[in-house]
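What follows is a single structure, written as structure tokens, with notes after it.
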Amino acid sequence: MYIIEDKGGAIALMLASLLFLGTWPAVLTLLERRGRLPQHTYLDYSITNLLAAVLIALTIGQLGESKPSMPNFFTQLSQDNWPSVLFAMAGGVVLSIGNLSTQYAWAYVGLSVTEVISSSMVVVIGTTLNYFLDNRINRADILFPGVACFLVAVILGSAVHASNATDNEEKLNVSTNSYKLGTSGSVEPSKEVTEKDANKDLENGASPNKYATKAEAGTAEYLIELEERRSIKVFGSSTFIGLGIVFFSGVCFSLFSPAFNLATNDQWHTLKEGVPHLVVYTAFFYFSISCFVIGVGLNILFLYRPMAGVPKSSFKAYLNDWEGRQWALLAGFLCGFGNGFQFMGGQAAGYAAADAVQALPLVSTFWGILLFGEYRKSSRKTYILLGFMLFMFVVAVAVLMASSGHRSTK
């Protein structure tokens with residue numbers, strides 16, 4: 001079994017994890033904006049997310065000689081370590097529910113602000129819990145200023161969202177021939193702004209209804225066309241619905257890393273004497289199994305009892321839906337390997353420092369701007385706030401990684 005023992009290797013894993021975990025939400029958002037049902041997407045995603053954990057366990061988890069204190073993956077499967085297994089599976093449950101929730105929050109609140117709010121809750125709650133669970137192996141004089149930097153970035157991110165929302169409202173208010181404004185303040189999309197066989201790009205690709213947008217990103221017409229094309233309709237919805245989903249997912253995300261920490265380090269001494277701690281690969285395997293079971297079970301239910309106004313579907317319809325399936329499968333791999341790398345880095349450098357990957361909104365915002373045209377044609381104020389937010393995320397990542405300690409493997 002291969003264990004990362006040096007700080008440099010741990011930081012490299014956390015950087016890779018940051019890239020992967022910041023990219024897979026953009027992939028799922030792309031599919032939702034193209035009109036693919038979120039139930040179909042999440043079922044595909046769940047398959048490769050589990051497969052990533054299996055591949056890590058069967059390869060890295062089996063490398064090298066098995067030791068009594070650090071057994072290989074297959075050796076540990078037969079050991080009496082069920083208390084730790086249950087902690088790992090509990091972490092998988094809350095992560096799966098959190099991921100499922102954010103799939104809807106991205107539509108209601110937007111990719112960037114959803115990631116910012118949920119990540120801030122992970123930093124405030126999860127990182128603090130991990131610091132004490134890790135017996136304070138991270139440098140508090142560096143770690144908590146890093147948390148403060150993250151919170152400043154969160155405040156700036158909220159300001160970016162508020163400023164951009166105001167910009168979008170102004171765009172819709174000055175558009176007089178592509179939409180109708182109702183008395184409740186919601187916008188009724190025009191049916192004359194879609195066109196068949198328009199030029200396709202990553203955002204305007206083939207969707208289930210085979211329509212593509214012709215409007216320029218950042219315009220009122222573009223916002224209306226997007227609403228018509230996407231699978232989760234959000235015009236006229238209450239702001240509190242979206243924010244409620246975001247905060248719920250943030251609580252879930254805050255708990256999965258501490259649960260995994262308890263599974264691999266047994267700080268509460270739940271294992272019998274002489275039973276070795278779960279190695280990170282075994283814990284990740286059980287973690288991913290519970291994540292898979294919850295994700296698949298809930299989404300099969302949502303096929304027949306959908307949420308948020310999403311159309312009803314069936315398992316047969318899911319099997320026949322190949323539109324965008326390759327992207328959903330890719331998202332599962334990215335998330336699976338991203339989580340695996342985060343846990344491997346946390347085992348070596350401390351899970352509090354590994355939570356630096358919660359700066360993933362830095363990556364998600366990049367994809368949001370590149371793929372979806374977020375903040376396109378926005379005001380100067382929005383651009384200034386966006387620049388400061390990205391700068392503070394960079395500072396937060398650097399400071400949290402600098403707090404990394406070294407966990408003894410003896």
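Note: Cβ is positioned from N, Cα and C throughout, glycine not excepted.
Because TrEMBL annotations are produced automatically, they should be read as predictions rather than curated entries.
Lifted from TrEMBL, the feature list:
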type	residues	note
COMPBIAS	189-203	compositional bias 'Basic and acidic residues'
REGION	182-209	region 'Disordered'
TRANSMEM	12-31	transmembrane segment
TRANSMEM	43-61	transmembrane segment
TRANSMEM	81-98	transmembrane segment
TRANSMEM	105-130	transmembrane segment
TRANSMEM	142-162	transmembrane segment
TRANSMEM	239-260	transmembrane segment
TRANSMEM	280-304	transmembrane segment
TRANSMEM	325-344	transmembrane segment
TRANSMEM	350-371	transmembrane segment
TRANSMEM	383-402	transmembrane segment
Next item on the list: For the transmembrane segment (12-31) and the transmembrane segment (239-260), decide whether they are in contact, meaning at least 3 CB pairs lie under 8 A, counting pairs 6 or more apart in sequence.
Entry: no
Check: the transmembrane segment (105-130) vs the transmembrane segment (280-304): three or more C-beta pairs under 8 Å (separation of 6 or more)?
Finding: no
Item checked: Residues from the same chain, set at least six apart from the ends of the transmembrane segment (325-344), whose C-beta lies under 8 A from its own -> 4, 10, 13-14, 16-21, 23-24, 27-28, 30-31, 36, 40-42, 44-53, 56, 60, 95, 99, 257, 260, 264, 280, 283-284, 287-288, 354, 357
